[in-house]
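Q: Sharing a structure with you now.
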Amino acid sequence: MSGHPGSWEMNSVAFEDVAVNFTQEEWALLDPSQKNLYRDVMQETFRNLASIGNKGEDQSIEDQYKNSSRNLRHIISHSGNNPYGCEECGKKPCTCKQCQKTSLSVTRVHRDTVMHTGNGHYGCTICEKVFNIPSSFQIHQRNHTGEKPYECMECGKALGFSRSLNRHKRIHTGEKRYECKQCGKAFSRSSHLRDHERTHTGEKPYECKHCGKAFRYSNCLHYHERTHTGEKPYVCMECGKAFSCLSSLQGHIKAHAGEEPYPCKQCGKAFRYASSLQKHEKTHIAQKPYVCNNCGKGFRCSSSLRDHERTHTGEKPYECQKCGKAFSRASTLWKHKKTHTGEKPYKCKKM
């Protein structure tokens, strides 16, 4: 039988032939994404077989589904946490139908069945990842094709995986089952809770391989790495300017529209970016939290401190590509470039 999904003959396969279970030891080795993929594969396999009315010799699909995990529970009932064979009655979790060989691992029996039947592996031609069963292969392909077969009945949003739809539904129901034991704040996703818990522990597990800087969240590391690679995937459709993160592009688009959605409550001045408003608000309270270690001078924002520190170090990182002259500040380089272009953007209004 070929490795193409279309060649899998569903009516010749019982659920227990394709149901892949794990011992406790094997399950512990899987990461969360692999466990989620496993659940999706088993659910979809069950639905596919049930939809065509496929039955085993003496059992219904439902019975086969229950019995595939019952064997493993039987062992554990005698041996406690021991995921291996039962010492009291000698029963093992599963048996290969082709050669009657028993095994402590359901996955090993599944591989043995594949060997007997000649059902080959299902290889992804895009990323070369290999799968043993077609439903697992089909679900994986959605990562490449962008197929989204699961639609939310509430808002119509489509998602690629059933677990993603289940998570999305909590937005509508307001369900927040994951609660922080430290402060009581609740979240709709376990991953959001884990991220939040780091604000209490101070843990920063994501480290940049280029400079060693550590981050609390993986997406922050991802954005930071672009400062090293120069990658700017977000492009303005109006002027072609590119940005390393989506929020920067969104702020830039507001500049074209003339939108300034962040007003200062103290004086009413409006800004395009929340960060610009935060810097401005410090001018009202005369706060200068960024202090130079060399001379003690204080600054309202970290970028001003960095510019100032170069007066001590003599560093000039901004170089003109035209003549090679270097400057300590980006704004000074920008002004210098106009000497080459002849640009004179400032006109006297009285003329």
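Just so it is clear, glycine is given a Cβ too, placed from its N, Cα and C backbone atoms.
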Q: Zinc finger per Swiss-Prot: which of the ranges 7-29, 122-144 is that?
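A: Spelled out, Swiss-Prot records zinc finger over residues 122-144, not the other listed ranges.
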Q: Same chain only, please: residues at least 6 beyond the ends of the zinc finger (178-200) with a C-beta under 8 Å from a C-beta of the stretch. Say none if there are none.
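A: Contacts of the zinc finger (178-200) (Cβ under 8 Å, skipping residues fewer than 6 from its ends): 167, 170-171, 216-217.
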Q: Mind checking how the zinc finger (206-228) divides into helix, strand and coil residues in DSSP?
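A: Tallying H, G and I as helix, E and B as strand, the rest coil: 11 helix, 4 strand, 8 coil.
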Q: Helix, strand, coil: count each for the residues of the zinc finger (122-144), based on DSSP.
A: 11 helix, 4 strand, 8 coil
Q: Checking distant contacts: for the zinc finger (234-256), what same-chain residues at least six beyond its ends satisfy Cβ-Cβ under 8 A?
A: 223, 226-227, 272-273
